[in-house]
Amino acid sequence: MADSYLHAPTLVRATTPLVQCLTNAVVMQFTANALLAIGASPAMVDTPAESFDFAGVADGVLINAGTPSAEQYAGMERAIEGATAAGTPWVLDPVGVGGLAERSAFLRRAVDKHPAAIRGNASEIVALAGLGAGGRGVDATDDVADAVEAAQVLARRTGGVVAVTGAEDLIVSRGRVSWLKSGDPMLQLVIGTGCALGAVTAAYLGATQDTDIDPHDAVVAAHAHLGAAGRIAATRATAPGSYAVALIDALHQLDRNQLANLTHLREENR
């Protein structure tokens, strides 16, 4: 159903999905606020002793390797094991893959554990698939269009959904390719918007897991929600500081009509 993604925000707000975030220290507060704004419940449970059990009761799990330590690597591995055992959808955000050997090895092992979704920029997705070297730090040096093959490779390997963010977002799963035009350039000037999107994606997958909304459409909805909110925020703010606040407000206030009017979605046959 072409517009099924429009129904997903209502489910998120109605169910308040619990999202376990194993994410980087730079973005933790912003990520938690973004989840609260969309109607989800954040939990930053990342220690090895607790992450397995918590992944079993969470509705969704985010694995983000932005600022990893030895303890967090262990916690992420345990959370993946717990999510897999419980059938909890988990999202892999491969921050900085390609440039650092230990991080890249961990992230590539994680791919083989079948995340429900992978979300990254074009250079991260290309590097994760083994088709490129990665970007410049956490910034992409590849265009989204250059990552189509890599996204399809990863979707086949995991059986899940792969999202590539950029000026136009790409969402790929086995048999489907969607292009989503939304967002605003100001999003790139606020640290943590991409990382928060990974958490929002986990919330959407958790809220829609036992519904007739396909995981592909849930991932589209997550990206549409943040992108539309980004556009609204740009009309209310003139600089990055005020934009960050306006973005949280817009995430909370977004309604179905705004989502439909501020999102341009097209499906492509490949």
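Each Cβ is built from the backbone N, Cα and C atoms, and glycine gets one as well.
Lifted from Swiss-Prot, the feature list:
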BINDING   M44, G192  substrate binding site
BINDING   R119, T165  ATP binding site
Taking the Cα atoms as reference points, how far is R119 (ATP binding site) from M44 (substrate binding site) in Å?
19
Counting other Cβ atoms within 10 Å, pick out the least crowded of the binding-site residues M44, R119, T165, G192.
M44
Reported as an integer number of Å, what is the Cα distance between G192 (substrate binding site) and T165 (ATP binding site)?
13
Report, in whole Å, the straight Cα-to-Cα distance of M44 (substrate binding site) from T165 (ATP binding site).
24
